[in-house]
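Chemist: Below you'll find the structure I mean.
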């Protein structure tokens, strides 16, 4: 049998004593947590181990003895260490010794009871594995993803053994709270034996954060109660609240602030990491927003933007007028239906004239509006970007109207042509059974159908051309808004704290371990050094990515092409699933 003994690197140079740790019989492993030095009283050692077991729920015990021969080996010390096995009975009993100079190590395993296997106890092979106790304590092990051909509960045995080691060290933190300055009956050596890591500023911030979080959580609950009032559930307000990106982002940030200032303690490391990533995301968002705010209010840039906004809107309206006049003629040499072309062109030109009048009516207030919009950046860059997306939607509302008119007219003709095509084949659409059935038509119906089919077919190119032009304009606006929403989702979901840990302290996010051979000689235990493999950046993003608001529906490319071909609206105000009978 191969016995694995995990020994902390911080204890390789300490004085002789007892090995304190946990025995894992499932994996034949001994996890050494500390070395207990002389002198000591056995009853006090047993009381300390009982307190640690009760506080950490880890079966801590005395696993064996540790002998560090700094000078010539003393036979009395060796016999004394062997006799301690009667005071602290444990099965098996380890005897780990480091000889003079630190080059040679020896490890013996003693079985007090008869082994169940027929092999003799002296044939046990010992594998001595050194590990950095601080890194293992602070790290979080991420097991590899389960392959599709492997069951959900099936994990490799090596992964399970490593998880036990990491969990044992993490849960035994109460054992590491005593250092050499601690005036206690027992003296231990571990990674904090030279001094417990602490910070006065961190401790003061931790104690002051409780009342502050309680006060802010009360204020956020009050804001949530006001937002849930019945007044905001009425039709106009509820409709605007569900369609405006700014309202969605404010709700999302309110959820983040509620999570940050919650007084509930995180139950596990995943919740703690999510809270830390949320804090980092909000701080980054506010910092970028304040940077944008200082840039906008410096050197009267808001006035320059206001002076340039109205001429740009007039230029866009003039370009649309030129485009419509081009469509009303002979675009690209195509022969269009003259009457329908003139009706559609004048209809759209009238809307452009209304839009120009509206822009000039609002021009005196543009600078004040931009000034108040710039103040929204103090709530974060994402709020300012969401507000920019809503402003773009309002400024291009006439393009959206043109697109809706053209899409509805094109969709009507496509459905009419498909219905009349079924009439030619002697079929009809059965509304009750949702299928195409055979049907017999008389001569009058066939004549009317042929006449309507001919009219719609010859009017289709004119309608399709207008639909194509305004669809391209609509897609351009949607692409700009999509880029803005991608940037907002990136800031909202970026796990900045996890990426910082991966960059500065890679061992905190462990994907696994690797072993380096230190010594492999005949008659000596195999000595290995366990090193932590950091988690890849792609997996850090996938594991700790924060949920985003996702305020717009996401269609695949196939669904988008299908909607464009049949004239269905892309990102419409009312989705098909919202209709009620």
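Cβ atoms here come from the backbone N, Cα and C positions, even for glycine.
Note that TrEMBL annotation is computational and uncurated.
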Chemist: Do you know which of 400-424, 475-499, 500-524, 525-549 TrEMBL annotates as transmembrane segment?
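Modeler: That would be 475-499, per the transmembrane segment entry in TrEMBL.
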Chemist: Suppose you had to name the range TrEMBL annotates as transmembrane segment; which of 301-324, 373-396 would you pick?
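Modeler: Matching range for transmembrane segment: 373-396.
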Chemist: For the transmembrane segment (445-469), find every same-chain residue at least 6 residues outside the stretch whose CB is under 8 Å from a CB in it, and list them.
Modeler: 323, 327, 331, 334, 336-337, 340-341, 344, 406-407, 409-410, 413, 416-417, 420-421, 423-424, 567
Chemist: Hey, which bits of the same chain come close to the transmembrane segment (373-396), Cβ under 8 Å, at least six residues off its ends?
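Modeler: Sequence-remote neighbours of the transmembrane segment (373-396) are 244-246, 248-250, 253, 282, 285-286, 288-290, 292-293, 296-297, 302, 313, 477, 480-481, 484-485, 487-488, 491-492.
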